[in-house]
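To start, the structure itself, in structure tokens.
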Amino acid sequence: MQSAPACLHALLAAAALISASSSDLTPRFISEPISTVQKPGGPVVLRCSAEPPTARISWLLDGEPLGSGLPGVQIQHGSLSIASLSTATSGRYQCVASSSAGAVLSRAALVSVGSLAHFAPSLTPIVVAEEGGTALIGCAVPQSNPRAQIRFRARGKWLQQPADRYLILPSGNLQILNVSMEDRGSYRCAAYNPVTHDLRIEPTGRKLVVTRSSAAQPRILHPLQPQALAVPQRSPLTLECVAAGLPAAAVRWERDGRDALRGGRWALLHSHLVTEGLQPEDSGNYSCVVGTGLEEVTYVNYSLTVLEPVSISKGLQDETVAVGTTVSLRCAAHGSPTPALTWLHNAAPLRASPRHFLLGSSLQIRGVTTQDAGVYQCVADNGVGFAQSAGRLHVQAGAGPKAEATALTEAAQSDGSRRDSAAEAAFRSSAPPKLPLDTAATDKPWGSISPPEAPIILSPPQTLSPDVYTLLWRSGRDGGLPINAYFVKYRKLDDGVSTAGAWHTVRVPGSENELRLSELEPSSLYEVLMVARSAAGEGQPAMLTFRTSKERTSSSKNTQAPSPPLGVPKHPVVHEGTNSFGVVLPDASRHSGVPEAPDRPTISTASESSVYVTWIPRANGGSPITAFKVEYRRVGRSSDWLIAADSISPSKLSVEVRSLEPGEMYKFRVIAVNNYGESPRSAASRPYQVAGFTHRFSSRPIAGPHIAYTEAISDTQIMLKWTYITSSNNNTPIQGFYIYYRPTDSDNDSDYKRDVVEGTKQWHLINHLQPETSYDIKMQCYNEGGESEYSNVMICETKVKRMPGVSEYPAKELSTPPSPPERAGGSGGPSSGPVRSSDMLYLIVGCVLGVMVLILIVFIAMCLWKNRQQNAMQKYDPPGYLYQGAEIGGQMMKYTTLPGTSRVNGRGPGT
């Protein structure tokens, strides 16, 4: 009778331990808010998530707690929404993740209102250039947030990108090469804000006057003063130098007195010096030297400083100290300029005090008290990048039960794993059943009770059925308490294991060891995670990936063997000669013991010198996976594989590899370990270049494509071509492109129409446009994480409306959008598809022949009509010999008429 109350106490203690272990985990951000620029009145959504799931999320605006008092701002489920952005709701937003262990502060997200100022009056309305020389049309770019895109209207046409002899420089100026008399005219620059979609046009513009060439001395038109530049690392850069003079001025670039083109990192674009990505060693003094022959006449200097983002070479670690001792926390950060360090304790700024000493890159705390326990952060910021490191400080009051409880909490934390939200919901929804424990079991000390081990999966990684898989397993050691239930999660993976479907969670009673997964997709890869649960909690997960077979055709279905019955026996008997697709028991003859090699890992950016390595395990070989190991090797050098991390918990499928060299290429591979040994090495990851800057990429692409070419194909179609460089998004995969277009004279965002181009195609034909209409065109790339920033905006005008009868079918064959729906009545008939080129040739030839036949018929008809008229005249007019009178010698003779006629030669009698 006393066993039931004791059992209840044990269950309550277990529930309290599980809750305490989850809430006592150090909070860590999974995603942080990202800076954004939005037009006035536009919506803004900032997202922030942290683990453990029990962590509480709160927000700060400009360092002050943000409650529910700010109008127009809503906080819900870790996300912050601004319905209508204004100056009152703009600023620096940060989220705070807190738990019983402490609190951490996220990076700041700057939310600003997009704006575009007006042009200042032009000071030089007339620009003079010599024929055959170089002209520079200046443009005083107005202030814009974000940076405005520059366009030029030259002689009634818009220029948005370098074309022929026109070059729009990064400074906003327009350079015209090899000036001719045709270039004379008015030029006006315009600024376009890609966020607010505002377009400002220079009010007066400039007039270009072209004179006859003369032997002018070479000179520099731009820049006229020495320039000092500070540019972030890995940014593209153009050092401008516009020179004029005839004969053509010889331009060369020097760096610190030597040829700047040496080394191959810089190149010439006309007279400008360009590079695709700056490195720290590019800092120095650059000179554009202009001269003819050996005589140097002028030069302009650039002082270039390459800014390096912040990197933390030595971060904070978890430490445990006793009350009254002194502890030093060290955080070594590097960057150019030198970063400023800020120390936080539970997300609150920490300032110097009699007990807290800020000594360079370290924090020293003397006379530690229990109030000093919590999470400490060092935040490094140099204006170019941002980096942070966090560590937890445990303070022990002394030996005894309290210290023992602290150790128990730390053990629970180290054994904790990420649990899926669906599995946790199922975990909470099922009440623990009463356990049939005897008195001896009840009196067992709690220290000898542990969560159950991972189940041992017996099912093979293949199945004969295209849509059904039978999962078989046997339990591991129960840890001293009976197993109440198993939780099975499964989802579909694609072949590249880069994307996955949603998890499906199933609860199976602890007395069963079989689960039938149905409604699967044929020839597909699935991932299974399985965990056993007892009153002591959930154990380690067992992992498996399997592939369904191909769907059989109707002919093969007639010859296949009969499918097995739905009820699979608990312990199936495997006969000799059974194929490998049958249910396999874990004996030595059918299991190698070691796990299968994990799938090829995927890599993503963590910081400027670290990456995240993520992998998917496969079958565990009949024994639970106890750890993972990650190895790496630098690409391009004969280096060996080095161990990046070992003894990784089997509950983790991702690890951060640190201390990598920025800009270098690396490969990674993963090894699974169980009680039998190590698995074979996984396939090496694709080469990955370490980002070298601190801003973490979200799952969405950041940089958009670049529109390189537009052309009006017809009065309703515009051809569009673009380029997309995956390295600009750190090899973030994309699923396709969004193409937006609207009439140029519209200022309403709702007028934009969107075409979707899937895949990596880099051209598209926009259809159903209005004739003789100018369109604004811009693009985004997208994936499952969201859309990129907008591309450059191009303007293109459709052609004049075609004359009736001209076919447009050949141009429509280039279109990428889906074809219009078929007409009712079937897909047959002439309207079911575009006209083929051979049919069009026949149509043209037929039309020409038809016109020729029609002309011939008209010609014959006219000839017949004329012949008939001549016959009629000969019938009624008399011959000449019947005339008896003629004008002879100036005398008038009488006419004689034929009987029965009243007219002769059109005259009546007596006239």
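Just so it is clear, glycine is given a Cβ too, placed from its N, Cα and C backbone atoms.
These features come from TrEMBL:
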type     : residues : note
DOMAIN   : 27-112   : domain 'Ig-like'
DOMAIN   : 121-202  : domain 'Ig-like'
DOMAIN   : 218-298  : domain 'Ig-like'
DOMAIN   : 309-394  : domain 'Ig-like'
DOMAIN   : 451-552  : domain 'Fibronectin type-III'
DOMAIN   : 597-693  : domain 'Fibronectin type-III'
DOMAIN   : 701-801  : domain 'Fibronectin type-III'
REGION   : 404-459  : region 'Disordered'
REGION   : 548-569  : region 'Disordered'
REGION   : 807-832  : region 'Disordered'
SIGNAL   : 1-23     : signal peptide
TRANSMEM : 840-865  : transmembrane segment
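A mean pLDDT of 85 is what the model gives for the domain 'Fibronectin type-III' (701-801). In this chain, the domain 'Ig-like' (309-394) lies out of contact with the domain 'Fibronectin type-III' (701-801); the count of Cβ pairs under 8 Å, excluding pairs fewer than 6 apart in sequence, is fewer than 3.
Counting Cβ pairs closer than 8 Å and at least 6 residues apart in sequence, the domain 'Fibronectin type-III' (597-693) and the domain 'Ig-like' (309-394) reach three or more and so form a contact.
Here the domain 'Ig-like' (27-112) does not touch the domain 'Ig-like' (218-298). Their Cβ atoms form fewer than 3 pairs under 8 Å, with each pair 6 or more residues apart.
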